[in-house]
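> One structure follows; several queries about it will come next.
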Amino acid sequence: MNAEIRERREMVGGTSRGKKKGHPLLRWSMKQESFSHGFSQSDLQALSAICEAIMPPVPLQTLDLDMKLKVLRNDALLSFFKSSGSHVRPDEVAEVMATKAMPLTVTVVRIVLRLLTFRLGTLLLCGFVCLDKKNWSPLLLKFSDISLEKREKVLQKWNTQWYNPLARIAFMMIKAIFLFYYFTWTNENTENPAWDAIGYKVDIGEENENTEHKERPLEKGIIETAKEDDVTAIKQRLINKGLKVKEDKETNALKIECDAVVIGSGCGGGVAAANLAKSGLKVIVLEKGNYFVPQDYSTLEGPSMFEMFEANGLLMTHDGRFRFMAGSTLGGGSVVNWAASLKTPDAIIDEWSKDRGIAIFAREEYTTAMESVCGRIGVTERVIREGFQNQILRRGCERLGLDVTVVPRNSSEEHYCGSCSFGCKTGDKRGTDITWLVDAVDSNNAVILTQCRAEKLVLVNNGRRKKCVGVTASSTTTSNKTVKKIEISAKVTVVACGSLMTPGLLSTSGLKNRNIGRGLHIHPILMAWGYFPEKNSEFNGAAHEGEIMTSLHYVFEMDSTTPNITLETPALGPGTFAALVPWVSGSDVKKRLAKYARTSHIFVTVRDEGVGEVKEGIVKYKLTKADEENLTTGLRRALRILVAAGAEEVGTYRSDGQRLKCDGIKEEDLEEFLETVDAPAGVVSMSECWTHSFTAHQMGCCRMGKTEEEGAVDGYGESWEAEDLYVCDASVLPTALGVNPMITTQSTAYCISKRIAELMKKRKQD
């Protein structure tokens with residue numbers, strides 16, 4: 001390890017200097033000296049050269065006076081501007097990329113890095129900038145031998161070259177992964193020197209050996225299958241729960257009989273498990289993720305995202321425009337969401353029940369379900385103290401005379417946790433893991449198998465239709481990598497894997513309905529930002545502090561004739577902020593990141609008309625022209641609100657770093673700027689400017705329909721093709737919703753599962 005790397009690792013940073021806290025899976029463990037990434041030393045040399053150009057040392061004389069004074073008063077900030085991206089071990093960046101990112105994008109990065117290890121490859125990707133003209137005869141240089149200044153210019157060209165897609169995709173991916181790792185990496189003492197520089201504080205706490213460890217809420221009903229070396233121990237625990245179990249020693253398989261199997265434990269599966277178990281049915285819940293409780297949460301952005309989100313939080317649409325944030329842990333999205341608990345709008349209920357003819361949304365039954373859901377998860381509409389970003393959204397709206405409302409949340413009115421997207425460390429947010437699943441386990445009728453992946457539904461012929469009689473699953477033991485097979489026979493099967501995973505399970509099991517995987521809606525998001533210096537500011541705190549989402553502005557009143565455009569505030573840790581922030585130069589990105597703590601964001605979400613498709617792990621999605629116009633309308637409104645709230649500077653996430661200085665700005669200047677604001681395409685587009693954003697709402701890709709031509713399931717969630725097979729998550733929603741979908745998903749699951757319980761009871765009586 002060279003001296004510069006050692007110096008960086010020895011620097012004291014952050015605010016937590018105690019013993020390790022949190023579950024090992026939610027902390028960094030990048031200690032190995034051997035890696036599995038498969039990049040050659042020449043590849044890593046090229047990667048390090050790119051990282052250095054992304055984050056080069058910045059001379060103080062190039063900074064403006066305000067920033068220079070700020071840097072000179074802050075040793076951590078001074079070290080940050082002096083630091084270089086080459087100080088980070090390229091092995092570590094490569095390991096994160098190879099093990100966490102989408103395989104296709106990793107392949108693109110491998111190709112580009114390999115080309116850059118050769119002189120001719122560098123000429124192909126970089127042009128004549130790789131010519132060394134110091135000698136009489138020009139000499140071709142490989143990328144790592146080009147000067148830092150020229151390498152930075154190469155990256156600037158790649159950023160805009162739509163006709164050079166390999167280089168642009170590779171640049172986007174390397175920049176995102178490298179900066180994310182740079183700002184989320186921690187040493188063995190859970191410290192990161194960059195955190196003090198950018199004003200980020202993470203409340204990790206110190207491990208107290210005398211702390212009394214309480215029994216976990218689901219302890220008596222959970223079996224963490226990956227911790228068991230063989231199936232015999234699992235078998236005995238299942239038998240103790242009153243289930244019939246047989247063991248096939250030749251295949252290392254368990255054969256289990258139950259009344260109902262629920263695949264998934266999030267907003268849909270958790271509710272379904274509770275209702276079915278409380279009705280007296282013997283229920284098995286399968287969850288491919290791990291079980292964590294509040295004392296496990298580390299609040300560390302990097303390892304938490306990789307462990308608790310689907311595809312490590314890095315699954316993107318085919319064009320790189322949107323990244324999906326979907327939970328992949330016990331409790332699913334309810335554990336990592338931002339607690340917004342908005343009821344289904346009346347206009348949507350009317351559309352689904354009347355226009356689409358879906359009986360389950362008949363007003364009285366569905367309204368009763370929503371009340372039951374809100375009661376169980378403790379939804380409140382009061383907030384005692386708003387955080388930095390929500391104060392700004394509210395104040396900006398008030399100054400413009402715009403309506404702004406409080407976001408209902410499934411947490412207490414005193415809740416002030418800014419890290420709920422990594423699990424609520426206070427235990428205040430009431431996800432399915434501490435509500436519905438507890439109800440299921442407390443009934444003594446439910447067993448939860450974690451780290452257990454459903455592989456295929458078991459379908460048998462049943463006359464014209466098929467009949468689902470269970471599911472096959474597998475679990476891999478952590479200690480010795482032994483694969484355990486689990487075959488579950490059930491009278492009813494409920495699929496609740498989430499909109500990104502449910503279509504794949506149905507399709508690979510042999511279902512053919514053309515609506516499976518189609519009709520995906522994602523509530524697309526674009527963000528605006530505003531910088532609010534601390535000096536003389538009316539807003540206290542930092543962007544990462546306080547309840548994530550308490551203020552909400554509707555651009556239009558919600559009804560069936562106007563587009564639904566909403567403005568809210570996000571949770572952005574420094575890693576995500578750095579990964580998304582436009583890169584126009586090394587100096588610029590450091591200045592932007594130095595302002596992290598006082599940069600407030602507002603995101604615009606629209607009820608999208610555009611639809612996508614989930615197929616074989618690839619998500620294709622395209623906005624309509626109306627969607628892009630609505631996003632543009634919302635983005636311009638968000639910028640106006642930030643200006644009205646007193647931002648010194650505002651901007652968007654367009655790749656050219658679009659921004660506007662606000663000091664003394666005139667209305668005509670603001671209007672002129674807003675006219676340039678639009679909804680950019682993704683990185684894989686024929687456009688110089690592009691954007692990369694995220695979306696946390698996925699729905700509609702196994703939608704309900706009056707007929708099998710209109711939907712993948714009927715109006716009660718049952719498959720048109722297979723009897724006793726139900727889908728019970730957001731994928732059944734008939735259209736885009738227009739508001740945060742947690743309450744709608746849980747209420748829909750409540751109605752579906754209540755009906756299943758009634759049918760099973762009637763079947764038993766007959």
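Here the Cβ of each residue, glycine as well, is placed from N, Cα and C on the backbone.
Automatic, uncurated: that is what TrEMBL annotation is.
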> Under TrEMBL, the annotation region 'Disordered' belongs to which of these stretches: 1-22, 23-44, 705-726?
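Based on what TrEMBL states, region 'Disordered' spans 1-22.
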> Provide, as an integer number of angstrom, the distance between the C-alpha atoms of Gly270 (FAD binding site) and His697 (active site, proton acceptor).
18
> Measure from the Cβ of Gly264 (FAD binding site) and count the other Cβ atoms within 10 Å, all protein chains considered.
28
> Say we define neighbours as other CB atoms within 10 Å of the CB. Which of the binding-site residues Cys258, Val262 has the fewest?
Cys258
> How many other Cβ atoms are found within 10 Å of the Cβ atom of Ala260 (FAD binding site), counting all protein chains shown?
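Excluding its own Cβ, the number within 10 Å is 29.
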> Could you tally the C-beta atoms, other than its own, that fall within 10 angstroms of the C-beta of Ala272 (FAD binding site)?
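Excluding its own Cβ, Ala272 (FAD binding site) sees 34 Cβ atoms within 10 Å.
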> I'd like the Cβ neighbour count for Gly270 (FAD binding site), meaning other Cβ atoms within 10 Å of its Cβ, all protein chains included.
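Within a 10 Å radius of the Cβ of Gly270 (FAD binding site) lie 34 other Cβ atoms.
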> When a 10 Å sphere is centred on the Cβ of Gly268 (FAD binding site), how many other Cβ atoms does it contain?
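A 10 Å sphere around the Cβ of Gly268 (FAD binding site) contains 36 other Cβ atoms.
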> Which state, by DSSP, holds Cys258 (FAD binding site): helix, strand or coil?
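In three-state terms, Cys258 (FAD binding site) counts as strand.
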